[in-house]
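For reference, the structure discussed in these notes is given below.
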Amino acid sequence: MKNRFRGAAVIAAVAALTLAGCSDPGAGGGDSAPAEWPAQDADLSGTTLTIWAAQNSNTVPESVVEGFEELTGAQVDVVTIPDPYEQSVQTKVATGDTPDLAFWQPTASMLTALNASTNLQPLDDAPWLDSYKPELRDITGILDDTRYAALITTPAVEGVYYNKEVFAANGITDVPANWDEFVQTGRDLKAKGVTPFFDFGGGTPWATQWWVQVQLADAAKDGLWDRVNANEETFTDPTIQGAIDTYDSLIQEGLFNENLKTATFEDQGPALLSGDAAMAVQVNSFFGQLQSLADTAELDEKIGFFPISPSGNVGTFIPDQSNALVAFKTGDAKREAGARQLLSYWLGDGYADFVEAQSTVSLQTDVDSSAEVPQALLAVSDSLADSVGSMQALAIANPDLYLNLGDLIQGTMTTAEVGEATQKQFAELAKAIGAAGF
Amino acid sequence: MTTTLGLSKGAARARGIREFAASPRAKQDHPLWFLIPALVVLVVFFFIPTVFNFVYAFTDWSSFKSGINFVGWDNFVSLFSSGQLLGALWVTLVYAVLVAVFQNVFGLALALLLERDTPLNRGLRVAFFIPVIMSALAVGYIFQAMLKPDGAVNSIIGSIIGQPVDIAWLGSTTWTIVVVALVHAWKWMGLSMLIYLAGLKTIDGDILEAARLDGASWWTTFRSIRFPLLAPAVTFNVATALLGSMNGFDIVQATTAGGPGGTTELLNIFIFRTFGQGLFAQATTMSLVLFLLVAVLAFPVIRTLRKREDVL
């Protein structure tokens, strides 16, 4: 009995000691002195830099890595983090595991989710900033007046992808100039027996939220998300709730594909390409799907893009993970400087090669876009200049609006419940972030 | 330190087996400190994580801040005040019960069908056991593809009845949970089969022969003799299926990811989603709730099932 008691005492002591050391293992970092920016070709022999990338972005750095390794003698490892990428990275960072650089969505909410001020290197006086086209320089990547993310490709824009042939066959010559015309075009097409809109409620219904967000473009320009961030306006107030109600009413009206409840993302591209449906409100990654189904010539012939907002053709931009990189505070000054040097090279001498290798649109005035960029993507990038930020870009937290809208499609939530559930989650996240007013 | 040779206490008493008490001699042979290596592993990998699970549930640990502060019952209050946790708990319970029923019915049926030791049966047993060792995610993704409206299942049904079928097996807000539970049961039924087979083998041939001489039919023999004698196997199978599927995640994540409309959102999927949002403390609180629920369920379930073994 005495022995057993002693054993219990030992366990209790061990537990107490462990608990005493209970602190966030992700709380690395340190003070941030103003960073120096090494020359792009400074020698980095013997230094190994790690870049975390997702399954859909792990080939993006190829040309840059090759050029940088040759120029500096550094070794750069691109490590693929399995999907869901953001969750995996957050979990790793929470346990104190950080790379030198990582692909990351450069929005305020996602920078907050990484605890940017503690974990990330500030990039405020980076040498490449002046090379950006002026309208793109400060579009994203900034949290609390500090720049934490380096934008490498054009951020995605929420807007309408449409089948040009279906429009032409039904006598539509001009693309809709505002939301009402857009809906009217849908009704006209339906009257002619064409499925106007394609969305998907099966699988992970992530595109549902674009329908609500493009309706909020005018309000977003007017400071909607600032008010939401301050808890002065909520998802259940008329502006956002109204957009949710409108989305539902379009579904009830029968303007969407018949298999809305069961269709998945994989069905959307083929449906638009074949002309089974005329339009889809989507973002750039949808175009990636189209590119896997058809070549540039066919896409130029069939697929067009126009941004939409209640009062006009204003796009809603939503940078994603493949658009930008963040540099971590690893505590190793040499590697931290190496990471900054790699970014300088990426957006400096290596940028032209990068744009060509990725066949993408250039962000810089002195570098031309690749000649192989499809027209629709050029239209997307043209719409960026006067676009407004999405919920992901401007709100401090990113609630699962799309999931709740998916539940709306399935009939397990009403429009009012969608607004309430989203607001509740937003408030919970905002409280965890420590935002004032929650 | 007592033992009843693996029998339930009631059964042991019925057979006149006295509880075994370790002699002083045995205590010398196996001093308690021999337990330390095992205990260290248990403490580090089980005890401490469990304690942390309790501790973090009362903090505001998140990915947004470096500090961790105690917040009392805040997480519990906000979780239980929103219907979502209770909804996920209910879905989890329904799922676990469905899986337990399906897996045991299938496993028992297979065991009875493949009971005789013929070469064909041996081959079939292996075939039915293969899903058990397959990756659960792989199983989930395969079924997700097969159950699509244009998937293999519909083509097969269509070719049998002679007209195209496009049932969305994973698209019903009412029935999808049943379909997913069937997939889960399909994956694990081989294990139940194996345990039931082992149970059937232990039944004394003399008893069955006596029954046959008394003119008992196959069904009567099964109902009155073999099934009651299978009680230990039933205990193990029902308990593991029920409590194991309470912790289900992989198959459901791969087939429906909680959809459609959240009707298959098990608590673990909800936890995963919450953790992914950076709300680590809330996710921990939920896993604590799940832990408590499993514990609360486990005792009466196992007790009831063990009681049935008293007839042995």
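Heads up, residue numbers simply count up from 1 along the chain you see.
Cβ coordinates are placed from backbone N, Cα and C, and glycine is handled just like the others.
Owing to the predicted nature of the structure, the values given are computational and were not obtained by experimental measurement.
Residues or ranges marked as transmembrane segment in TrEMBL: B:32-56 (among others). Residues 68, 280-281, 284, 287-288, 291 of the same chain sit 6 or more residues outside the transmembrane segment (B:32-56) yet have a Cβ under 8 Å from a Cβ within it.
Here TrEMBL flags B:88-114 (among others) as transmembrane segment.
The annotation domain 'ABC transmembrane type-1' is assigned in TrEMBL to B:89-301.
The transmembrane segment annotation in TrEMBL covers B:126-147 (among others). Counting same-chain residues at least six beyond the ends of the transmembrane segment (B:126-147), those with a Cβ under 8 angstroms from any Cβ of the stretch are 110, 114, 153, 169-170, 179, 183, 186-191, 193-194, 250-256.
Panel annotation: around the transmembrane segment (B:167-186), residues 91, 94-95, 98-99, 102-103, 106, 131, 139-140, 143-144, 147-149, 151, 153-154, 157, 241, 245, 248, 251-252, 255-256, 259-261, 263-264 of the same chain, lying at least six beyond its termini, place a Cβ under 8 Å from a Cβ of the stretch. Residues annotated as transmembrane segment in TrEMBL: B:167-186 (among others).
Sequence annotations record features per position, and here TrEMBL assigns transmembrane segment to B:227-246 (among others).
The annotation transmembrane segment is assigned in TrEMBL to B:279-302 (among others). Residues 50, 53-54, 56-57, 59-63, 71, 75-76, 78-79, 85, 88-89, 92, 235, 238-239, 242-243, 246-247, 267-268, 270-272 of the same chain, all 6+ positions outside the transmembrane segment (B:279-302), place their C-beta atoms under 8 angstroms from a C-beta of that stretch.
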